Amino acid sequence: MKKHNFSAGPCILPKEVMKRASEAVLDFDGLGLSLIEISHRSKEFVAVMEEARALSLELLGLEDQGYQALFLQGGASLEFLMVAYNLLDKRAGYVNTGTWSSKAIKEAKLLGEVVEVASSKDKNFNYIPKGYGIPENLDYLHLTSNNTIFGTQIKEFPTTSVPLVCDMSSDIFSRQLDFSKFDLIYAGAQKNMGPAGTTLVVVKEDILGKVSRTIPSMLDYKVHISKDSMFNTPSVFAVYTSMLTLRWLKDLGGISAIEEINEKKAKLLYSEIDLNPLFNGFAKAEDRSNMNATFTLAEEGLKETFDSMWREAGINGLNGHRSVGGYRASMYNALSLESVGVLVDVMSELERKA
Ligand SMILES: *Cc1c(COP(=O)(O)O)cnc(C)c1O
């Protein structure tokens, strides 16, 4: 039976990418050796790393604009700390829109003063704060473009002279933005790009080198840039698979093409949530994420019936995060419109039955 994987992360990847990646584990490009047993300094793997870095900048429209793309380890969680190590000299601003931004704030506080310029904690993070003031004396302003757990997404980014840093873990490569507005973007691969184990960092080189502290080598973006993202052994399988996903996205027509599909999927699901009296959306309508839709049942008594119905339909990964409850449908790039259709059919079937 066909499975419909709505998992929040690690998440669904394109079938053809998975096939190619698994073949490479046995025999990488006809070398008679596995991708994971050859030297990361071999010309074959260096070419993979270079293509992954180049495709990232190309898809984001950031080529030849002073940006570098790196594939690091430690997840987005290590970036919470690395960003502060490299950029926080005195004072940084953070917009607190959920669990992940709260964790980023905690790490930054180890290295300097953190100004929480806005927060949506008062309503359990079900909206995106807007119209807040941004002090000019900040080293940077940190944002989380998509709040994976709460299902909110920033639609309009603030305009400011303060450098912008953004955690785009769960919506990178899913929609068109003017990425040149950002000085540093980071994203754990496992939400929209590849398996867990690597993190994409896209950084404008000229914001680096301005802090007074000594930065340990592994935490220093400049060190990684100077070694072309090969300071130490990279996560070869995760980088290779991410590269294949980026190729897949480019062949599909790039971000604008996937954005159109992502909008269709989100529209289909949110209109069912809005029209079906048995479901309530969690996030405020104007801030709803096109990647992670959060919703609850209007009557808890229907839980058992609904849960067995979606499981029988081949749906996986629909349970909400414990801090929201209910359900979360993650609709990353590789999830098809057809899969969203299957979920919507189950939801309307429940209405007919109840
Ligand atoms: C999942 C997630 C993280 C944490 O990523 P790790 O790679 O597990 O450290 C951080 N930020 C956002 C927005 C996420 O969705």
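Backbone N, Cα and C atoms are what each Cβ position is placed from, and that goes for glycine too.
DSSP assigns ARG41 (L-glutamate binding site) to coil, not to a helix or a strand. Annotation source TrEMBL lists L-glutamate binding site at ARG41.
Its Cβ placed at the centre, ALA76 (pyridoxal 5'-phosphate binding site) has 23 other Cβ atoms within 10 Å. Per TrEMBL, pyridoxal 5'-phosphate binding site is recorded for ALA76, SER77, TRP100, THR148, ASP167, GLN190, ASN232, THR233.
TrEMBL lists 5-340 with the feature domain 'Aminotransferase class V'.
What TrEMBL records for LYS191 is N6-(pyridoxal phosphate)lysine. For LYS191 (N6-(pyridoxal phosphate)lysine), the number of other Cβ atoms no farther than 10 Å from its own Cβ, over all displayed protein chains, is 28.
Residues distinguished by a CB atom under 6 angstroms from ligand 1 are absent from the binding-site residues ARG41, ASN232, THR233.
Taking the Cα atom of each, SER77 (pyridoxal 5'-phosphate binding site) and LYS191 (N6-(pyridoxal phosphate)lysine) are about 13 angstrom apart. Mean pLDDT for the domain 'Aminotransferase class V' (5-340) in this predicted model: 98. Of the listed binding-site residues, namely SER77, THR233, the sparsest CB environment within 10 A is found at THR233.
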